[in-house]
Amino acid sequence: MSAPTKNPESAATAPPQPPPLPGTLRLGLSRGWVEIRSFTREWESMVFTFSMPTLVLVFFSVIFDDMFDTGVSAVDYYLPGLIAMGLMSVSFQNLGTGIATEREYGGLRRLRGTPLAPASYFIGKTVMVLFLALGQLALLLGVAVLVFGANLPTDAASWSTVGWVFVLGTIGCALLGTAVSSLARTAQAASAVIIVPFLLLQFTSGIFVPVYLLPEWVFNGAALFPLLWMAQGLRAGFFPDGMAALEASGSWDLHLVALALGAWCVVGLVLTLATFRWKTRKDG
């Protein structure tokens, strides 16, 4: 008995196989480009986000001169703290309020019904945060140096300190903002839940006032959050060693900075995994 032969017509008419879906990373990078384009279309928000730390720097640099009799100019003194403030703004504040808005208006629910993996969504958000952080940093440093003659770090070790504080601080604040976005019931409430604590932290974390002038209980409260440690780590990168005397302990304590920011990356990840929701509470 002869073996059955395949029908060439049925083989020719077989439906083509769909192409494989792109990988998680590729989808995430594509999503990041979508996030950036969406953000830059709202030019009012874009201008405010990029320029706010720079405007504050210009304001203080014009008003003040020698800061606290240290021989350090206002632009040099405020620059590291305003970099930290800007990083927390684009990661914690911008990400937290943005995700809350997407959730309320159904954007997250619609994305959940697409082939986009949750990891790709968060990769896209990370790409957007890095774009905003680097753009804001470039504008701030450009104005500080070209307009006010700010002094930047001159050795590789100092830039290395700035680099790892930048990375750890951005990751920790982004994860914290993502987690906090789920606490508010509405997008409007999210603005209060996120912006009010952020404003308070700016005045208690050494951004505008040296931490040694703060009451102990205020400093201890601010030390529970990443902004104080981001600012301290960046000052260690930008300032000469003698300026460490203005810190609460009289030292840069970079090991504590790394420990605190690393802990916030872990805590932020745990909180995000525990609290993140694709739908509002009323949607179930």
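Here the Cβ of each residue, glycine as well, is placed from N, Cα and C on the backbone.
Any TrEMBL annotation is an automated prediction that lacks curation.
Feature annotations, courtesy of TrEMBL:
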REGION    1-22  region 'Disordered'
DOMAIN    44-279  domain 'ABC transmembrane type-2'
TRANSMEM  46-65  transmembrane segment
TRANSMEM  77-101  transmembrane segment
TRANSMEM  122-150  transmembrane segment
TRANSMEM  162-180  transmembrane segment
TRANSMEM  192-214  transmembrane segment
TRANSMEM  256-276  transmembrane segment
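Sequence-distant residue pairs (6 or more apart) of the transmembrane segment (46-65) and the transmembrane segment (192-214) include fewer than 3 whose Cβ atoms are under 8 Å, leaving the two stretches without contact. Between the transmembrane segment (256-276) and the transmembrane segment (162-180) there are at least 3 Cβ pairs closer than 8 Å, counting only pairs 6 or more residues apart in sequence, which means the two stretches are in contact.
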